[in-house]
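Trainee: This is the feature table in Swiss-Prot:
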DOMAIN    10-72  domain 'TRAM'
BINDING   CYS85, CYS91, CYS94, CYS167  [4Fe-4S] cluster binding site
BINDING   GLN269, PHE298, ASN303, GLU319, ASP346, ASP366  S-adenosyl-L-methionine binding site
ACT_SITE  CYS392  active site, nucleophile
Amino acid sequence: MRKRTGRRPPQKNNKFPIYTKEFLVEGLTHDAKGVARDEGKVIFIEGALPGERVEAQVVKQGRRFDEAKTKKVLIESSSRVAPACAHFVECGGCQFQHLIYPDQVEAKTEWLSGQFRKLAIGDIELLSDHSEAYRRRARLSVFTKGGEHQIGFRARSSKDIVNIANCLVLTESLQSVFVALKERLHESSLTSRIGHVELLEDESGSSITIRLSREISATDESDWMVWASEVGVNLYWQRADESRISTARKHYYYVDGLNIQFHPQDFIQVNASMNEKMVEQAMRWLAPTKEDIVLDLFCGSGNFSLPLARRAGEVLGVEGLETMVEFARLNAQENDLDNVQFIAADLTKPAPKVLKSKKVTKVLLDPPRSGAFEFLETLVKFKPEQILYVSCNASTLARDAEYLIANGYVVSRVSLMEMFPQTAHAEAMMLLQRK
């Protein structure tokens, strides 16, 4: 068979000649890649913005699209800015630092609109706060390269780790902790025994959890504990055979005037100020009264349940992790709320009997990225007046909302929640009303 001429080399075993070419960027993907076309084929270009002409290197070829990396911007967009972080080009933590913040929000809003195009929604509202130094939690990898101890995040589209000097989206306190930890790692001989570290800031202070791949000596552990005390952080060790660390220290944060305790390895929203705004908006949209019985699904340690309990007649929180349910019960007790009940249940399975006995009037759910599709058949049988859906994955929210609409609900309000500025992550809140 003759080879075709005038076309890009065909893919073979994922290996092909890498080539560089000029492209005119027409759009932007949900993960912040520029969209161009070459001979009718779509090209996704890392680091390119709409309206730009760039010189890009095609690094991956597929049947439906190719992937490329910007090498030089020939005609620059007026929306382009110099990234504040020196590691932006390599680090996979942020995707949008080269785009002015208002246009970041606009891009996410347009993407949400595309995801919800079948739902007949109105305008998408915006809930936002400051765009830097917001992240109160982070997980970083530790490794040794060329005899140098390094720490950082995964590189873009790679399993490689980028060694970073600091991270500007961390809270200012955690930025200081990060710098101190990096210096300590350079002085330590334990780097080869450390898999990763987790940084956390809450109302009790800053903490570091070190995940060990191999055991360390009592002397080394003692030296690290002395260092942690001098730096002013709480230090936890997680051995390779431990799934959960033990801690006598109380970790907590405030929301809606309530004290929420949690285990340092359990889920909490990483953006504290946006979490406060999100809960306030949820209470305003759902507007529970003493006449309401509210069901809070995937309730965690009570982030929504407890504010709901301050307003509703009765609240029932359901969570899959027993450890988080225990904290939720403790939080209800510590905040003197006796009209809220928590149960542990797998929400991918038939509803527990206690749910079937309740005449639920309103529902709030905040599921993982996979959504809540398995529970929706049960949910619509409750016939709640309103359903407030908080989502970290717009595609599964759109899927679940389609089911709810087909079963008697209409979309009342939708909001983009800017939990992760400088990144391509878009969180959403949707209120559905029963017809």
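Using the three backbone atoms N, Cα and C, a Cβ is placed for every residue, glycine included.
Where in this structure would I find these features, and how exposed are they?
Mentor: DSSP assigns CYS91 ([4Fe-4S] cluster binding site) to a strand segment in the three-state reduction.
Around the Cβ of GLU319 (S-adenosyl-L-methionine binding site), the number of neighbouring Cβ atoms within 10 Å comes to 24.
The number of other CB atoms found within 10 A of the CB of CYS392 (active site, nucleophile), across every protein chain shown, is 19.
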Trainee: Pick out which of the binding-site residues ASP346, ASP366 has the most other Cβ atoms within 10 Å of its own Cβ.
Mentor: ASP366
Trainee: Listed S-adenosyl-L-methionine-binding residues GLN269, PHE298, ASN303, GLU319, ASP346, ASP366 - what's their greatest C-alpha to C-alpha distance in Å?
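Mentor: If we measure all Cα pairs in GLN269, PHE298, ASN303, GLU319, ASP346, ASP366, the largest is 21 Å.
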Trainee: Using only C-alpha positions, which one of CYS91, CYS94, CYS167, CYS392 is spatially nearest PHE298 (S-adenosyl-L-methionine binding site)? These are the recorded positions in the record.
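Mentor: Closest by Cα: CYS392.
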Trainee: Counting other Cβ atoms within 10 Å of each Cβ, which of the binding-site residues CYS85, CYS91, CYS94, CYS167 scores lowest?
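Mentor: Least crowded of the binding-site residues CYS85, CYS91, CYS94, CYS167, by Cβ count within 10 Å, is CYS85.
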